[in-house]
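Participant: Please read through the structure below; I'll follow up with questions.
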Amino acid sequence: MTLENNMDKKLFCISTYGCQMNEEDSEKLSGMLKSQGYERTENKEEASIIIFNTCCVRENAENKVFGNLGQLKQLKKKNPNLVIAICGCMMQQVGMADKVLKTFPYVDIIFGTHNAHKFPEYLHRVLQEGVQVKEILNKEEGIVEGLPIDRKSDVKAFVTIMYGCNNFCTYCIVPYVRGRERSRKSEDIIKEIEELVSKGYKEITLLGQNVNSYGKGLEEDIDFAGLLRKVNEVKGLERVRFMTSHPKDLSDDVIMAIKECDKLCEQVHLPVQSGSSRILKEMNRHYDREYYLDLVKKIKSEIPDVTLTTDIIIGFPGETEEDFLDTLSLCEEVGYDSAFTFIYSRRNHTPADKMENQIPDDIKHDRFNRLVEAINKKVVIKNKEYEGKVVEVLVEGPSKNDETKLTGRTRNGKLVNFAGDEKLVGELVNLKIVRAQPFSLIGEIVE
């Protein structure tokens, strides 16, 4: 395989599975390739490089990767110079890279979560030497700054502030595949945000597996609340969001920063996972139902108009009907504006995988459907309250469902679709909400 053969068509295609951190990793892979003269395509048929950036939080994500990898066999047959690369969390699992190469020997490059910055080097080796490259680092290295990044949006951007997780929830594989917590220096974060603002970006979402742990291990004396206040001082920036927060670490200082900093949006993603104190203990979440509800009350009392969103796992080992009803009642009490609901998925090498009393699939699905129905009913009622109100929306671009409309979000994260000129993209506009829908709002520009 030669460089010349592969350069006839310098197109690449990236498929991203999983969370926002994976999305930002893919933006970096795209940035590295574009800096080498490649262009992105969504059509695998015309790509000379295909990358799968994988997730392993749930079995379903892994099955999708295996299915899509199988479909690439014919493409590789048609074009032997096609380079197929697999990376991300799924590859970081013990034995997974070898399993992939055994089942799909036509894969050219495999790497994990700690060495994505080396992708150009791996690609060069494949193109120049015709070798197969597999490199999974078992230990996280230092944070690599300054990688080129190809952002999906021109209006809003993800900025990672820390990597890894130290919490070891019993159901979760993230600490095993993303490593221990490491924080970026605040000066590097501020520099990245200032560069984004200079390019016209208006909104930043700060990312981390647990943003509330930010600052641990750094030489400088700073915590997450301190970082939020620093980011709030960046001139020209309009809005700041963050995710994900662990309830046990969401401090009063962070709540007050959201309240007092004008650029911080009134939206908190606060994963509860279960409304049962017994199950929360089994999950190793380090808080109980009462602690969580007290935290919610504190947030609501300090931050008017705050919206709360969450993650919930249904069917954790040993979950009884009573435990499930505790979750339902907690959702009713909190009144979430949206919730990411998941059926528990067994993950190898996690404590929950070895637990007895795994819940049968039919019970899991029944509880899941009941939960989704209850949450959606509440969301519809909450969205109805916006009808007739005037809200400030940052215009993000054309609506996904109707390209004749524009779309954007309120400060507290509500999605609003409306008719307007494309010149408004990137602008803050006032919209009157004329109709509420289950998952979005319809607005009209206020002249």
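From the backbone N, Cα and C atoms, a Cβ is placed for every residue, glycine too.
Marked as domain 'MTTase N-terminal' by Swiss-Prot on the basis of sequence analysis: 10-128. Swiss-Prot lists CYS19, CYS55, CYS89 with the feature [4Fe-4S] cluster 1 binding site. For 151-382, the entry in Swiss-Prot reads domain 'Radical SAM core'. According to Swiss-Prot, the [4Fe-4S] cluster 2 binding site annotation covers CYS165, CYS169, CYS172, on the basis of sequence analysis. Look at Swiss-Prot and you will find 384-447 tagged as domain 'TRAM'.
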Participant: Taking the binding-site residues one at a time (CYS55, CYS89, CYS165, CYS172), which has its Cβ surrounded by the most other Cβ atoms within 10 Å?
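Facilitator: Compared across CYS55, CYS89, CYS165, CYS172, the most Cβ atoms within 10 Å surround CYS89.
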Participant: Tell me, what is the mean pLDDT of the domain 'TRAM' (384-447)?
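Facilitator: So the average pLDDT across the domain 'TRAM' (384-447) works out to 94.
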Participant: Treating G and I as helix alongside H, and B as strand alongside E, what does DSSP give for the domain 'TRAM' (384-447) in helix, strand and coil?
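Facilitator: Reading the DSSP string over the domain 'TRAM' (384-447) gives 4 helix, 32 strand, 28 coil.
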Participant: Reported as an integer number of Å, what is the Cα distance between CYS169 ([4Fe-4S] cluster 2 binding site) and CYS89 ([4Fe-4S] cluster 1 binding site)?
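Facilitator: Per the Cα atoms, CYS169 ([4Fe-4S] cluster 2 binding site) and CYS89 ([4Fe-4S] cluster 1 binding site) stand 17 Å apart.
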Participant: Distance between CYS165 ([4Fe-4S] cluster 2 binding site) and CYS19 ([4Fe-4S] cluster 1 binding site) at the Cα atoms, whole Å?
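Facilitator: About 14 Å separates the two Cα atoms.
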Participant: Other residues near the [4Fe-4S] cluster 2 site, CB within 8 A of the CB centroid of CYS165, CYS169, CYS172?
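Facilitator: Going along the sequence, the neighbours appear as ASN167, PHE168, TYR171, ILE173, VAL174, PRO175, GLN209.
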Participant: Can you tell me the CA-to-CA distance separating CYS172 ([4Fe-4S] cluster 2 binding site) and CYS55 ([4Fe-4S] cluster 1 binding site), as a whole number of Å?
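Facilitator: With distance taken Cα to Cα, CYS55 ([4Fe-4S] cluster 1 binding site) is 12 Å from CYS172 ([4Fe-4S] cluster 2 binding site).
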Participant: At 10 angstroms around each C-beta, which of the binding-site residues CYS19, CYS169 has the fewest other C-beta atoms nearby?
Facilitator: CYS19
Participant: Please list the DSSP helix, strand and coil residue counts for the domain 'MTTase N-terminal' (10-128).
Facilitator: 63 helix, 23 strand, 33 coil
